[in-house]
Amino acid sequence: MKRVGAHVSTAGGVENAPLQATSIGAKAFALFTKNQRQWKAPKLTTSSIEAFKKNCEAGGFRPEHILPHDSYLINLGSPDPEKLQRAREAFIEEMQRAEELGLLLLNFHPGSHLKEIAEERCLELIAESINRALDATKTVTAVIENTAGQGTNLGNRFEQLAFLVDRIEDKTRVGVCLDTCHLFASGYDLQTTAAIESTFMEFDRIVGLRYLRGMHLNDAMQPLGSRIDRHAGIGKGTIGMDAFRWIMNNPACEEIPLILETPDSAAWSEEISLLYALEQ
């Protein structure tokens, strides 16, 4: 089964996320387990954790279909030793929060070199940061998201993702989340069936489809290779419907969270229905 959902709000507590997901007809969802623009957060309460698990069960959401995202402040490849240490501690806390909620995945952007260190050195720091977090936790898989290549962000090329995966000591706890808008912005063509097929074959050859643990389904506002991360509604951007039709009929995309991060949250229910209508 295809598990389409959206990145839903946790207003009022994390336990409300599965309720939000159910209300839009989702079969998967993403969330922040804390405020994504702050370093510190109150600890999750026992009642909140129990209510989250109960609501997930009631909505039919299994842990492998839920894709929490870490804080936007975390740069696991920071060239500044103090900031790197802070990022590493925060990332471990994010993993621990996911574990407390009984979740199995944590989605994150790799990191940025900020024009202060070489790309390869930054990638080495990111890999080391991931290994430390996996050592400090037990069950959560680190799910690396490809980026649009904006500014000094790394992770926009499959070769960079492969560099990271290759250096993770526990291969059973590393995965990749492919964002369609980021792929397109990075120069990977998705506009036709042949184009997306070619892109996925390249991903399989360089990284490995076995590492695909989730996707973000977003159309793009900007042209191919723009390196600008601007999401558009499904079928309303420069990617078009062929890519989403291919994803909805591809066995590699079965039973992984397929998460909308499109701009209009009021349209998510409609977009979920639209995507399911593409199944053949």
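Numbering starts at 1 and runs along the chain as it is shown here.
Keep in mind that glycine also has a Cβ here, set from the backbone N, Cα and C atoms.
Annotation note: HIS109 (Zn(2+) 1 binding site) sits in a coil segment as assigned by DSSP. Within the same chain, residues at least 6 positions away in sequence whose Cβ sits under 8 Å from that of HIS109 (Zn(2+) 1 binding site) are TYR72, GLU145, THR147, ASN153, GLY155. Look at Swiss-Prot and you will find HIS69, HIS109, GLU145 tagged as Zn(2+) 1 binding site, backed by sequence analysis.
The number of other CB atoms found within 10 A of the CB of GLU261 (Zn(2+) 2 binding site), across every protein chain shown, is 17. The Zn(2+) 2 binding site annotation in Swiss-Prot covers GLU145, ASP179, HIS216, GLU261 and is backed by sequence analysis.
Sequence-distant neighbours of ASP229 (Zn(2+) 3 binding site) (same chain, 6+ apart, CB under 8 A from its CB) are THR147, ALA148, GLN150, CYS181, HIS182, ALA185. Residues or ranges marked as Zn(2+) 3 binding site in Swiss-Prot (evidence: sequence analysis): HIS182, ASP229, HIS231.
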For the Zn(2+) 3 site (HIS182, ASP229, HIS231), what does the 8 A shell look like? I mean other same-chain residues with CB within 8 A of the CB centroid. ALA148, ASP179, CYS181, ALA185, HIS216, ASN218, ALA220, ILE228, ARG230, GLU261
Sort out for me which one of GLU145, ASP179 has the most neighbouring CB atoms within 10 A, since those are the binding-site residues we care about. ASP179
If one looks at the chain holding HIS231 (Zn(2+) 3 binding site), which residues at least 6 apart in sequence have a CB under 8 angstroms from its CB? CYS181, ASN218, ASP219, ALA220, MET221, GLY237, GLU261, THR262, PRO263
